Amino acid sequence: MTGLHRGGRRKAFGLSLLLGFALLSAGVMINVSLGSSSISFPTLLKALFFADRTKEMLIVQEIRLPRALIAILIGASLAVAGTIMQAMTRNPLANPQVFGVNAGASLVVVASTVFLPELTQQQLVYSAFAGAALSGFIVYFISAGGDLKPARLAIVGMTIHFFLSSITQGLILFHENTTDSILYWLVGAIGNRNWHHVGVLLPWASIGLLGALALSKPLTMLSMGDDVARGLGARIEATRLVGGLLVIILAGGSVSVAGPIGFVGLLVPHIVRLMVGVDLRYVLPCSALYGSVLLVYADIVSRYISYPYEAPIGIVTAMLGTPFFLYLAYAGGKHNE
């Protein structure tokens with residue numbers, strides 16, 4: 001039975017990967033072809049292989065393609081960060097948005113922009129890491145004891161989120177002249193991003209994603225409970241520490257480039273677990289893939305929900321994630337009664 005069960009999981013994993021790559025490929029093609037000027041499919045193929053330098057190809061190569069790649073990297077990063085947080089805290093509501101990690105990163109990035117305007121994009125990434133660590137360590141110490149029920153822990157996380165967000169709004173209010181460009185970014189946006197931003201984000205996303213895959217086995221043990229994990233030989237504190245650092249890298253890098261895009265790390269892990277089960281050796285790669293799928297399609301929707309103007313992508317993910325978050329909170333509350 002165990003062999004059959006394992007074989008079924010592997011088959012589900014393989015089918016999920018095939019479906020995910022098909023959806024992602026179609027989404028990227030749609031993403032880079034649609035906009036204020038539509039690009040034909042033959043022209044798009046030439047542009048993807050940098051075959052020529054016509055106006056249409058430059059639009060694809062310099063504007064739309066880096067934007068699609070950023071959506072892929074950030075979607076994967078946030079989904080994996082949420083998966084790690086849910087495994088470490090054994091909390092179905094855990095994700096960078098709900099637990100204030102995004103808000104902490106946003107606060108320090110805004111403060112750095114106000115008080116240290118000469119900082120480069122790469123230096124802002126380090127600022128985002130510091131902010132994510134600020135709120136991430138608070139979450140770590142709260143969750144390490146395991147005393148709080150999931151819904152109550154989410155309330156604590158949202159309290160941290162709103163507290164840090166209020167400080168961010170205060171900075172913007174008192175420094176309007178230097179923060180005009182940040183207002184759009186604060187809702188979560190990937191417009192006006194280019195190859196430079198891809199170059200800034202790519203190494204950090206790669207480190208975080210590869211590190212998460214390497215940590216998948218001890219994280220799976222940890223998700224079963226501390227006693228079970230300890231009995232299976234997992235180094236609990238080391239796993240939590242490394243997992244926390246990976247969340248900081250993944251969430252901080254994403255926020256520094258695109259702002260606090262919410263709920264990707266909440267939605268995707270739950271959907272993926274329905275597809276492949278709870279083994280993080282399968283869940284983590286599928287979460288990365290379907291996080292990319294979600295954000296690529298959300299980017300397409302964001303261009304048309306307020307046409308001819310473009311809405312921040314964070315609005316689309318919030319529209320999807322908020323009802324799901326409320327459902328999980330309600331279901332968790334009923335379960336704990």
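Yeah, the Cβs are placed from backbone N, Cα and C, and that goes for glycine too.
Any TrEMBL annotation is an automated prediction that lacks curation.
Here the structure is a predicted model, which means the values were calculated and not measured.
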Range annotated as transmembrane segment - as stated in TrEMBL, picked from 44-65, 154-175: 154-175
Result, the transmembrane segment (68-87) in contact with the transmembrane segment (154-175) (3+ CB pairs under 8 Å): no
Residue numbers, six or more beyond the limits of the transmembrane segment (245-268), whose CB comes under 8 Å of its CB atoms: 70, 73-75, 77-85, 93, 95-98, 101-103, 105-106, 109, 121, 124-125, 127-133, 136, 185-190, 193, 197, 200-201, 204-205, 207-209, 211-212, 215, 287, 290-291, 294-295, 312-314, 317-318, 320-322, 324-325, 328
Stretch of maximal Cβ-Cβ contact with the transmembrane segment (68-87) [cut-off: under 8 Å; candidates 99-117, 123-142, 195-215, 280-301]: 280-301
